[in-house]
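Peer 1: Sharing a structure here in structure tokens format.
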Amino acid sequence: MYEIFLAPFVDFGFMARGLFGALFLALSASSVGVFLVLRRMSLVADAMSHAILPGVALGFLIAGMSVGAMMLGGFVTGVVVAVMAGLIARWTTLKEESSFAALYLVSLGLGVVLVSIRGTNMDLVHVLFGSVLALDNENLLFIMVMSSLSVLVLSMIYRPLVLDCLDAVFLRAEGGGGALTHVVFLFLLVMNLLAGFQVLGTLMVVGMMLLPAISAKFLGRTLNQQLIISVLLGMVSVYIGMVVSFQVNLPASACIILTAGVVYFCALCFGTHGGLVWQIIQQRK
């Protein structure tokens with residue numbers, strides 16, 4: 001048992017760094033994911049994950065594999081896309097979700113072109129799918145700082161964020177700053193996408209946000225319960241995914257997301273709050 005579940009992280013530094021980085025990401029991303037699901041913003045999260053790609057690619061073109069340059073570029077393009085989607089929704093009849101969808105498709109194409117100008121296929125794979133086992137101390141520190149800041153800010157806006165999700169009209173009537181809360185939440189979303197870029201890549205980082213959060217809806221009744229369950233499921237998915245990846249020699253990021261997917265299907269079938277089996281049992285009573 002030790003050789004399977006503990007030895008990889010004790011004997012190999014790259015496995016330990018990857019595990020710690022992914023666990024910190026699960027802590028913050030899974031928490032943000034609960035509010036994404038509650039606010040029905042799953043498509044927005046997917047769109048934003050693609051929106052940061054041109055900025056990451058531009059940073060790569062300018063400074064190579066510099067973490068700082070790629071993160072700064074991704075942050076700038078993420079904010080630009082978020083602002084543009086909001087302005088388009090305000091100035092036209094198009095809804096914000098549709099604006100995000102259009103902008104993310106353009107961003108994805110632009111990002112792939114920018115990476116291909118200078119990079120190789122391996123560089124493109126690294127950007128799109130991450131490289132959790134290639135984390136160095138600088139990457140790990142960045143992920144830890146971003147995730148910690150994300151959890152701190154989320155705790156500070158927790159009450160207005162919940163009110164904005166459940167009754168936005170009441171929050172605005174009470175002067176609670178609904179628009180500001182929405183902007184800060186989008187900022188948190190971008191922070192987590194940037195933190196997860198190195199671990200899972202721009203295409204799969206949303207899986208760490210949404211899959212544990214969606215699973216938690218089938219397992220927890222209250223919002224606090226769902227937050228705790230989502231974080232725990234995210235961390236368990238990280239650990240099991242990395243163990244499977246090491247033992248069978250498969251990509252770690254894909255194994256982590258597939259593990260979270262298996263957990264989702266288990267929750268979908270056997271969850272006590274809307275799970276398929278539970279509903280069948282209730283109907284037969």
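Glycine too: its Cβ is placed from the backbone N, Cα and C atoms.
TrEMBL lists these features:
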type     : residues : note
TRANSMEM : 12-36    : transmembrane segment
TRANSMEM : 43-63    : transmembrane segment
TRANSMEM : 69-89    : transmembrane segment
TRANSMEM : 101-120  : transmembrane segment
TRANSMEM : 140-158  : transmembrane segment
TRANSMEM : 170-191  : transmembrane segment
TRANSMEM : 197-215  : transmembrane segment
TRANSMEM : 227-250  : transmembrane segment
TRANSMEM : 256-281  : transmembrane segment
Peer 1: Below 8 angstroms Cβ to Cβ, which residues of this chain, lying six or more residues outside the transmembrane segment (197-215), approach it?
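Peer 2: Contacts of the transmembrane segment (197-215) (Cβ under 8 Å, skipping residues fewer than 6 from its ends): 18, 21-22, 25-26, 29-30, 32-34, 36-37, 42, 45-46, 49-50, 52-53, 56, 67, 70-71, 74, 111, 126-132, 135, 139, 142-143, 226, 229-231, 233-234, 237, 253-254, 256-257, 260-261, 263-264, 266-268, 271.
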Peer 1: If you count every Cβ pair below 8 Å, which range out of 43-63, 69-89, 101-120, 227-250 shares the most with the transmembrane segment (256-281)?
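Peer 2: Result: 227-250.
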Peer 1: Is the count of Cβ pairs under 8 Å between the transmembrane segment (101-120) and the transmembrane segment (69-89), pairs 6 or more apart in sequence, 3 or more?
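Peer 2: Result for the transmembrane segment (101-120) with the transmembrane segment (69-89) is yes.
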Peer 1: For the transmembrane segment (140-158), find every same-chain residue at least 6 residues outside the stretch whose CB is under 8 Å from a CB in it, and list them.
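Peer 2: Long-range Cβ neighbours of the transmembrane segment (140-158): 17, 20-21, 24-25, 27-29, 31-32, 35, 67, 71, 181, 184-185, 187-188, 191-192, 194-195, 198-199.
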